[in-house]
Each structure stands twice: as structure tokens, then as C-alpha cells.
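Enquirer: The disulfide bond annotation in TrEMBL covers Cys409-Cys418. According to TrEMBL, the feature domain 'Laminin N-terminal' maps to 46-296. Residues or ranges marked as domain 'EGF-like' by TrEMBL: 384-419. Per TrEMBL, signal peptide is recorded for 1-28.
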Amino acid sequence: MYLSRFLSIHALWVTVSSVMQPYPLVWGHYDVCKTQIYTEEGKVWDYMACQPESTDMTKYLKVKLDPPDITCGDPPETFCAMGNPYMCNNECDASTPELAHPPELMFDFEGRHPSTFWQSATWKEYPKPLQVNITLSWSKTIELTDNIVITFESGRPDQMILEKSLDYGRTWQPYQYYATDCLDAFHMDPKSVKDLSQHTVLEIICTEEYSTGYTTNSKIIHFEIKDRFAFFAGPWLRNMASLYGQLDTTKKLRDFFTVTDLRIRLLRPAVGEIFVDELHLARYFYAISDIKVHGRCKCNLHATVCVYDNSKLTCECEHNTTGPDCGKCKKNYQGRPWSPGSYLPIPKGTANTCIPSISSIGNPPKFNRKWPNISSLEVSNPNQANVCDNELLHCQNGGTCHNNVRCLCPAAYTGILCEKLRCEEAGSCGPDSGQGAPPRGSPALLSLLLLLAALLGTAGPLGI
């Protein structure tokens, strides 16, 4: 009886959850960079595209206000309540914690009552504009995965611009305009995201949806990330393969959801009427209780972990890559140009692993000509790390090439191309070790010398 009741309740909960949750809480794959697979020759690594999980990125940002003295409370001042704009007995005092409204209260835990919030000074200097820039910086490239949500404790502003930067705040681009009258404020026709399509998803629009002034139950402003995703993945984001395919092949689309900084430009506070009430200027100010930004570190599909250390985010790079965004190949792994991972083919993608340089394989002789890297030999496949093959990159000393990924070496040899004696690494080679160097005329040495001669275009300097 209890089991059947439990199963009924569970089934009901699953049904209700599916109705209440229009979007997946965690979407996408690519959460593993490599895995071991078994082959006839034993275990080998299988590499794939990978990325960190989406998370609350406000935990890692730095906030800057301009002008820096725009926060209320220094000197103390009174302001009017949002619910009753003519009840002006509230106080802001920076020297009293209970009455202070510093910027960090935009990012603290919400759920308490009353809400905590940052607040600007009032518009006491009218008609001089009351304008504030709030800059959110990560010192790291991040990819947005959910809507940006700003919750106001004052009326939502009459005019506002959300901007983004891709170069750490050196240059800025508009993300979206907000106004009670788009045509008057920004000379733009009003639109909403619903008016866009796959072909116009990158269009910068002005919306009037979120600028209703003094409305107690309307505090929130959105920048709709998921609605834009839905143009490719469907209204419930079920077809993520389609979205990943578009992100993989359309750089402008991928860059649209990528930022290093965000800037909220508050240009005109909520007035609520056509004219400003100059007798009650304490009605007009900005107050924000919460800002939500969800995303992930951009690691170019070469990492699943992003660490926060010394106030800085850094990818823990895989696939022989390095750098804050895994944006270059490690030293001695520059056998072909660096490339980001690829979401395609679905579902594992392509790792585009950095591969060893020829110069890192043993210690080749020094010649006047530049020692070529693997990419210059035109033997690399952009979707596969060719460490060895049966043409130019032979496995030495009896080694065999396994799937162009690694050499399977005899017991006495090691190295990328089986070119090193194991006893050399241990420092135990000698006449009695049974592992002396191959004789001058051995097939292994001759094969390597012939390869060098072919690369250099002559056999003369090698003395063959």
C-alpha cells in the first residue's frame, strides 16, 4: 500500500516538475575531456571536447561604480518609499550598517525580508542627469548560459543600456536598450525578443517591456539568453545538438554570448509621469537588490574545471593546451597550429588535441635549415592527433603505430616514436646491460636518417 502510494506521488511530482520547468536545469554534455578505452593492444586514451559546468558567475566578479561617490549615505539623506513615493521618511546612512546600501548588496543572498539592496543618491541635483555606470568584471572570458536578471527595489529605470566587452573593458558594445519610449530615448523602434528569428538573433534591440516605472510587482529586467537559444534548440531547449552545431560553425553567434565584462548604464530613473516632480526629488533614485549572471569559463572546449585562485579564474587545461583560456599549445606540443575543440560531431565533439613537435622527439642534429614541425609535413588531420603513420612518422626500433595516435614500443624502448632506450632514462646503459645503442647500420637508425634526409632535401650532410 505504502509503495503504491509512494510511486503515485513520485509520478505526480515528475509530471508537475516537467510542466513547471520549461528549460533543463543543466543542459548539454561535454563534461569529460578524455576517457580510457580498451583495444586489442590494451588501454588507450580517447579524447573529446569538454567544458566546465554552468554556475553563478556573480561569485567571481568585481564591481565598479561610476561616479564612485554615487552610492547614497555620505552624507546621510532621506528618500521616498517605492510603494508610496510621497512617504519620504526613509534614511540612507553609510556610517550605520543597518541604514547603509553599499554595492555588494547587489550580490548577497536574497530571501530575507526586507530585501537588502544597493542604492544611489537621490536626484537632488535635477535637472542635471542622474546617471550611473555599474561595471561587472571577471578578468576572464566567460560564456553566458542563462538570462541576465536585474531586480530593482526602486522603480525600473525609464532609460537603461546593457553593454558588453570582449576585451576587458577597453571597448564596449550595446547588448540591449531599455526605455519607456524607445523612439524618443534612442531613436529606435520598440521590439521584443519574440520579434527576432534565427536570422536576426544578433540584432541589438530596444525593448519597452521592462520600463514600467513605479509598479510594485514589476521589479525585474531581463536580458533573454535562453529565448535566443530557443531559436535553434526549440522552445523547450530539447534540441541542444542544433544549438551546439550553430555555436560551432558561426563565430559571431558564439561571440554574442561571450563576455569579459558587463556594464549596466542607468540613464534616467523611474519618473512615472511625463514631468519630474521638482518638489519631491527624493522620489527619484536607483536601487538594485539582486543581479544574476549564469555562465561558464571559456576554455575553448579544452577543460572541464575552472579554478578561482588569488581572485582570478583560470581553466585547468587538458589536451596539451595551456593559458587562461587554454588558448595555445604547451611547449613541445606545437606539432600543428592550436585549434579550439569542436562540438561536432555530436555528442562527443572533437578534442583537436595539441600534438608533439618533431623537435621534441629525441634530440635531432642541428642543421642550418629550420627543423620542420608536423603541420608543415602536411600529414596532420585537423580532427585527429597524428603522432605516427606509415609514411613519414615511422615508429622506430620495431614499434608499431596504433591508430596514428601512439607507438606501441618493444620492452627495451620508449619515447614518442620508440626512439629512446629505457636504460638511458634510468642511466644504466652500458656494455653489460644488454641494451647498447643500435649499431650504425641498424634498420632503426637508417630509417631515421633517411627521414631526416628526405626532410632536408639532401643526403650529403648526413654522411650516408
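Note that Cβ sites are derived from N, Cα and C of the backbone, with glycine treated the same way.
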Enquirer: Can you tell me the mean pLDDT for the domain 'EGF-like' (384-419)?
Expert: 69
Enquirer: Among all protein chains shown, how many Cβ atoms are found within 10 Å of the Cβ of Cys409 (disulfide bond), not counting that one?
Expert: 21
Enquirer: Output, ordered by sequence, the same-chain residues six or more apart from Cys418 (disulfide bond) with a CB under 8 Å from its CB, or 'none'.
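Expert: Cys418 (disulfide bond) has long-range Cβ partners Cys395, Gln396, Asn397, Gly398, Gly399, Cys407, Cys409, Pro410.
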